[in-house]
Each structure stands twice: as C-alpha cells, then as structure tokens.
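S.K.: Okay, here's the structure, questions in a sec.
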Amino acid sequence: MKVLWAALLVAFLAGCQGKMEPELEREPELEREPELHQQADWQSGQPWELALGRFWDYLRWVQTLSEQVQEELLSSQVTQELTALMDETMKELKAYKSELEEQLSPVAEETRARLSKELQAAQARLGADMEDVRSRLAXYRSEVQAMLGQSXDELRARLASHLRKLRKRLLRDVDDLQKRLAVYQAGAREGAERGVSAIRERLVPLVEQGRARAATVGSSLAGQPLQERAQAWGERLRARMEEVGSRTRDRLDEVKEQVEEVRAKLEEQAQQMRLQAEAFQARLKSWFEPLVEDMQRQWAGLVEKVQAAVGASAAPVPGDNH
C-alpha cells in the first residue's frame, strides 16, 4: 500500500513538473494577439519602432528560457545584447523627437513646451521599464550562480512571471509613447501648415500688385505706336548718356585741378628747399673762411721761418789764416 502511494506521489509530481515546463514557454493567446498586431505596426514604422521591434523579438526569445537562453543568461551576453538594443532604440527615439521639435517651430512656445514635457515623460517611462528588464535578468543570473547546483525551476518560473509583467508594461509604454508622438506630429503638421498659410497671406497681395502694375505698363505701352516708343527709348538713352558724359567731364576737371594744386605745392616746397640750402651754404662759408685765412697766414709765417733758418745754416763760416 505504501509503495502504491509512493508511486502515485511520484507520478503526480512528475506531471506537475511537466506541466510547469511548457507553461514557462507558452503564452496566452489573448495576450499574444495585441503584441503581434503592434509588432506588425513596428515593422513598417519609424526607425525607432524598428529598433524597438528588434528589442522585442530578442526579449521574446529570452522569455522562452530555452537551454541556450539559460546558458547565455549565466554569462553577460544577454544583458549586453539587451543594452545594445536599448541604446539603439533610445537613440532613434531621440533623433525622431528632435526632428519633430524642428517642425514644431511655428507652434506657440507654451504648446511646444507642454507637448515636449509629456513626450519626455513617456520616453522616460519606456527607458525605465527596459532598464527593469535588464536588471531583472542580471538578478536572475546572480541568483542562479548563488544556488550552486540546486534546482532552478522556481527561479525560472518567477523570472517568466516577471518578464510577462514587464512585457505588459512595455506594451503600455509603447502605446502611450506612440499616442504622444502622434499628437506631437499633428502639432508639427499644423504648425507647418500655419506657417505656409502666413507666408501665402503675405505673398498674395504682393503678387496681385505686381500683376496690376504689369498690366498697367503693358496697356500703356500697347497704346503707343512702335515708332513713338522707339523714339522715347532713344531720347531716354541719349539723356542718360549725356548725363554720364557730363559727370565724367566734371570729374576730369576736378582731377586736373587737384593735379595742378599738387604740382604747385611741390614747386613751392622745392623752391623753399633751394633757398634753405643756399642760406646754409652761405652760413657754412661765413664760418670757415676766417679759419682758412688764419691757417693760411700761419702757414706762410711758418714757411718764412723755415726758409730763414735754412739760409742761415747755409752761409759760409770764415776760416783761420795761419
């Protein structure tokens, strides 16, 4: 009897465990349908939605908790892949947001600030929930490594439950973000149309004025004979050329007068310089002439003295007669 009860208990536990394994990999069909619908939209959406679709596909693969997934979860490969996909998604999302902000320039500052604040909050929620996914997988890896070979069925079940909840939160975040972006894009489109309308309102009166002026000139010209119009053009051209010639002659006369003034000034300055040079030369002559005359007198006296001394030494000396 005890053996029978033991066999029944073993069979029951094996059935429970066998039922648990597919449960980790299986998702309710009602939950999967909206995900598939949203994923189809992501595949044909903006670049940030395509990046989000790649992140979602990788997360679905992780949630299967297959043997390969469990092996990679024990290393840092899964978290590294998720980090790269998260960074790519947020980068594309920021680029798309910046593009919409440029298109929102014609919109009022208050409206643009409010839309930007709401969109930034939705973007932050999506980033936080994606970060929760990565943190939860990192925590699972730490818990598995700490068990040291013990059974990890309970950890896998708890991880699968957490991942399902996080995926639901991510779906809500993405839906909210898409709605905010749609409002943002509608505001940008409205602002662009408003800017074009304002430009059109300013240009239409100018175009009408130009048309009216062209029509007036055309009608006045059409009413004149061709010969009269040619004569009128010739008279205007002749008057214009005479005006240009008169201005040119006046300008040449001014240049000639300026040249004459410059030449007269140069001649005057040259004459002044000649007079100054002659006066300086006369002053030098008056300085040095007395000195030269004095030197000449001294030299003549010296020569006379030398000649006298030479003559005296050359005179014969009388000898003794013995």
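Glycine is treated like the rest: Cβ placed from N, Cα and C.
Here Swiss-Prot flags 84-105 as repeat '1'. According to Swiss-Prot, the region '8 X 22 AA approximate tandem repeats' annotation covers 84-260. For 106-127, the entry in Swiss-Prot reads repeat '2'. According to Swiss-Prot, the repeat '3' annotation covers 128-149. Annotation source Swiss-Prot lists repeat '4' at 150-171. Per Swiss-Prot, the feature phosphoserine maps to Ser151; the stated evidence is similarity to another entry. Look at Swiss-Prot and you will find 162-172 tagged as region 'LDL and other lipoprotein receptors binding'. Look at Swiss-Prot and you will find Leu166, Arg167, Lys168, Arg169, Gly234, Glu235, Arg236, Leu237, Arg238, Ala239, Arg240, Met241 tagged as heparin binding site. Under the heading repeat '5', Swiss-Prot lists 172-193. The repeat '6' annotation in Swiss-Prot covers 194-215. Summarising the annotation, Swiss-Prot assigns repeat '7' to 216-238. Look at Swiss-Prot and you will find Thr216 tagged as O-linked glycosylation site, backed by similarity to another entry. The feature repeat '8' is assigned by Swiss-Prot to 239-260. Look at Swiss-Prot and you will find 271-322 tagged as region 'Homooligomerization', backed by similarity to another entry. The region 'Specificity for association with VLDL' feature in Swiss-Prot is assigned to 283-295.
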S.K.: Within 10 Å of its Cβ, which one of these binding-site residues (Lys168, Arg236, Arg238, Arg240) has the largest number of other Cβ atoms?
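M.R.: Per the Cβ count within 10 Å, the most buried is Lys168.
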S.K.: Between any two of Leu166, Arg167, Lys168, Arg169, Gly234, Glu235, Arg236, Leu237, Arg238, Ala239, Arg240, Met241, the residues recorded as binding heparin, what is the biggest Cα to Cα distance in Å?
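M.R.: Farthest-apart Cα atoms in Leu166, Arg167, Lys168, Arg169, Gly234, Glu235, Arg236, Leu237, Arg238, Ala239, Arg240, Met241 are separated by 89 Å.
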S.K.: By a simple count, how many Cβ atoms lie within 10 Å of the Cβ of Leu166 (heparin binding site), its own Cβ left out?
M.R.: 19
S.K.: Treating G and I as helix alongside H, and B as strand alongside E, what does DSSP give for the region 'Homooligomerization' (271-322) in helix, strand and coil?
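M.R.: Secondary-structure composition of the region 'Homooligomerization' (271-322): 44 helix, 0 strand, 8 coil.
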S.K.: Near Gly234 (heparin binding site), how many other Cβ atoms are within 10 Å of its Cβ?
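M.R.: For Gly234 (heparin binding site), the count of other Cβ atoms within 10 Å is 10.
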